[in-house]
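Novice: Got a structure here, written out as structure tokens. Questions coming.
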Amino acid sequence: MTNIPFIYQYEEKENERAAAGYGTFGYLITRIEETLYDQYGVFYELYASDDPNTEYWELLVEDVRSGSLEPEHVAYIFEKLEKKTFAYDEDEKEPDYTVHKSIRNSVYAYPEKGVAFARIPYFQDGSIMSFDCLFAVNDEKMRAFLEGVRPRLWEKSKRKVTVFTDGDGGTSREQEAIVREVQRSQVIMNPLLKKEIYRSIDQFFHSDKSFYQTYDIPYKRGILLYGPPGNGKTTLVKSIAGSIDAPVAYWQITEFTSSETIEEVFQAARRLAPAVLVIEDIDSMPEDVRSFFLNTLDGATSKEGLFLIGTTNYPEEIDPGLMNRAGRFDRAYEIGLPDEELRLEYMKMRGFGIFLSEGEIKNAAKLTEGFSFAQLGELYVSSALQWHQEGNHHIETMVKDMTGEQRKSQRGSWMERNKVGFH
């Protein structure tokens, strides 16, 4: 369409009518329906949604931003509001600003699907809010459109990580691109433990539900990763996200986590199934909602098709009811401090060989007893910087300094071996 019409044209003498209530809303809906009829020759009816999940809007935004020809821009709504928007696109190899048609203040239609979208601005207390409307030619078109949303969302979600964060106003949901994939070969941990974890993941996603039905096993699994920070729990999760053909969702537990946010997250995660749901810092679950969380896990369909991965740095804070029970967390794995062999493997992979000989790397691996992978990473950065600036290194001195700092900062006994109750 070259000449895109306006639903509500501005006139000075009518500006009071633009701020009215139902009268203005009824006028706008009528004009939208008339404009759709004029364009396509069929009547589009307004539908209301009782579903808090509105993924179809995400797909519309993606189509508009990508320049897809499938959604047609039918009309603007208010003449004096925005027609275009800009955003910083972090998903591109070279992030930059993009300019695209506005979703708000516009009417879009998928004529072949028989549905249309309108994000209508309204004015309240000096602010501009918006009201989302969905139109369809008939119930059959609406059902067919909604049935097609989930497969497309599932494919879209495989390319990104869906991040749920519980905040003061409820759960926010964003999709973040996997900027740097981690290969399984880059995960350094006990070989037997690594094999067992990946095998359980692969069994879940590479077999269909018939295996679970045949052996009467719930099609829902869960593992808990625990241990001191900086030892590869996050790296392991990233490698899983980049190596399975399924969506991965990430849920950050906070003090704002409530029964409402728990229900909202699981409802959204079920729509992505089969999928992985990573629950970060599960020990931070507020005490007053832990029973609700356990009941949600026990629900007949609450986790169908979901592989749960819980992570914690403080396993002693975990509710014992979570563990060793089918449908909750079936297994717990300690991701502990690396031994000398693993430290040596990490240091070789990280690139210490650029400025250290083979013998010096082996010696550094011995000296760094008690170091986490994160601390070894810090040691690499410091050593590389010194090598670049001075042409030499004093890695033994650096290790000694870091060891002293580590001893000063350590607190509590949970990091000590044989103090954790999960085996």
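Glycine residues also receive a Cβ, built from the backbone N, Cα and C atoms like all the rest.
Annotations for this protein, taken from Swiss-Prot, read as follows:
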BINDING   GLY227, PRO228, PRO229, GLY230, ASN231, GLY232, LYS233, THR234  ATP binding site
REGION    403-423  region 'Disordered'
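Can you tell me where each of these features sits in the structure?
Specialist: Secondary structure from DSSP puts PRO228 (ATP binding site) in coil.
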Novice: Sort out the sequence-distant neighbours of PRO229 (ATP binding site) for me: same chain, 6+ apart, CB within less than 8 Å of its CB, listed by position.
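Specialist: For PRO229 (ATP binding site), the qualifying residues are ASN313, SER372, ALA374.
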Novice: Provide the three-state secondary structure of THR234 (ATP binding site) computed with DSSP.
Specialist: helix
Novice: What number of additional C-beta atoms lies within 10 angstroms of the C-beta atom of GLY230 (ATP binding site)?
Specialist: 19
